[in-house]
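All remarks here apply to the structure that follows.
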Amino acid sequence: MESLLSLFSFAFGAIIGSFLNVVIFRFNTGKTIGGRSCCASCGRTLSWFELIPLFSFISLGGKCRKCKSSISSQYILVEFFTGLLFLLVALKELSFFSDLSPESVLGVVVGWLVVAILMVVFFYDLKHMIIPDSLSQTLFLVAVGNFVLNLFLFNAGVGYAYAHLTSALIFAGFLGLLWLISGGRWIGLGDAKLATSLGLLLPLSSGLSALAFAFWIGASVALVKIAHTRLSESQKRITMKTEIPFAPFLIAGFILSYFMQSDIFHISNLFL
Ligand SMILES: [Zn+2]
């Protein structure tokens, strides 16, 4: 039973992932989400067997069947990681499928929605250096809905409200301040908006850990990028103005902290 539910969670995630790919590629391009997918190179409409998540990409060797041009690796990355994260969310929220209480099921639904939205934000921000407002707003609705349902339907208690609200305030305040003092050069206002929802989804202990992870990962990637640029022949200098999108780090930090229920600052006992 557990293995069946695990398989279902992964497969469901991979299918959602293949839909998210369409959203990432077509969002704000004027193209509709509907309509058959076609090769980005030769425009040939893809047949049904070329649209099976993961399998199609692997069996085609990552190349178009007709024009042999490479298919973006984003396809398989999004399908695989959405599947993996959907599985991990289900395992975590349902305690390895042993707890099917309404609270836990809500946890899975919210977790899956959050993963789907963050997957689009992650790749969209990498490509376009901007977080569409509609995505931040959808995430905000999910975060508020989760908070309200836990508080009023499942009586999560004052401690829950306090831990999640302070987390949201610190995320919003800290990133808002960075945005303000840097005049939008270090991080965008979109990052601060996204962060507020991410903060609300976590209790303060995990929230602070997520912020720390985000900055550590961001700093590591920036250092590697600087070293790489120094070594490359172009010798283009990386400055503070070199745009590195921040949302992917924020999302990575959030996901790490969510799964590990991290409390690197040991503050969760403050609320007990
Ligand atoms: Zn083609």
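Think of each number as a place in line: the chain as shown, counted from 1.
For all residues, glycine too, the Cβ spot is worked out from N, Cα and C.
For reference, TrEMBL has these:
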| type | residues | note |
| --- | --- | --- |
| TRANSMEM | 6-27 | transmembrane segment |
| DOMAIN | 12-92 | domain 'Prepilin peptidase A24 N-terminal' |
| TRANSMEM | 75-92 | transmembrane segment |
| TRANSMEM | 104-126 | transmembrane segment |
| DOMAIN | 113-222 | domain 'Prepilin type IV endopeptidase peptidase' |
| TRANSMEM | 138-162 | transmembrane segment |
| TRANSMEM | 168-188 | transmembrane segment |
| TRANSMEM | 200-224 | transmembrane segment |
| TRANSMEM | 244-260 | transmembrane segment |
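Within its own chain, the transmembrane segment (244-260) has Cβ neighbours under 8 Å at 85, 88, 92, 118, 121-122, 125-126, 129, 131, 186-188, 190-191, 194-195, 198, 201-202, 206-207, 209-218, 221-222, 225, counting only residues six or more beyond its boundaries. The predicted model assigns the domain 'Prepilin type IV endopeptidase peptidase' (113-222) a mean pLDDT of 92. Helix, strand and coil content of the domain 'Prepilin peptidase A24 N-terminal' (12-92), in residues and according to DSSP, is 42 helix, 4 strand, 35 coil. When the stretches 138-162, 168-188, 200-224 are ranked by Cβ pairs under 8 Å to the transmembrane segment (104-126), first place goes to 138-162. Beyond the ends of the transmembrane segment (168-188), by six or more residues, the same chain brings 129-131, 143, 195-200, 204, 207-208, 211, 240-241, 246 to within a C-beta distance below 8 angstroms of the stretch. With helix defined as DSSP H, G or I and strand as E or B, the domain 'Prepilin type IV endopeptidase peptidase' (113-222) counts 93 helix, 0 strand, 17 coil.
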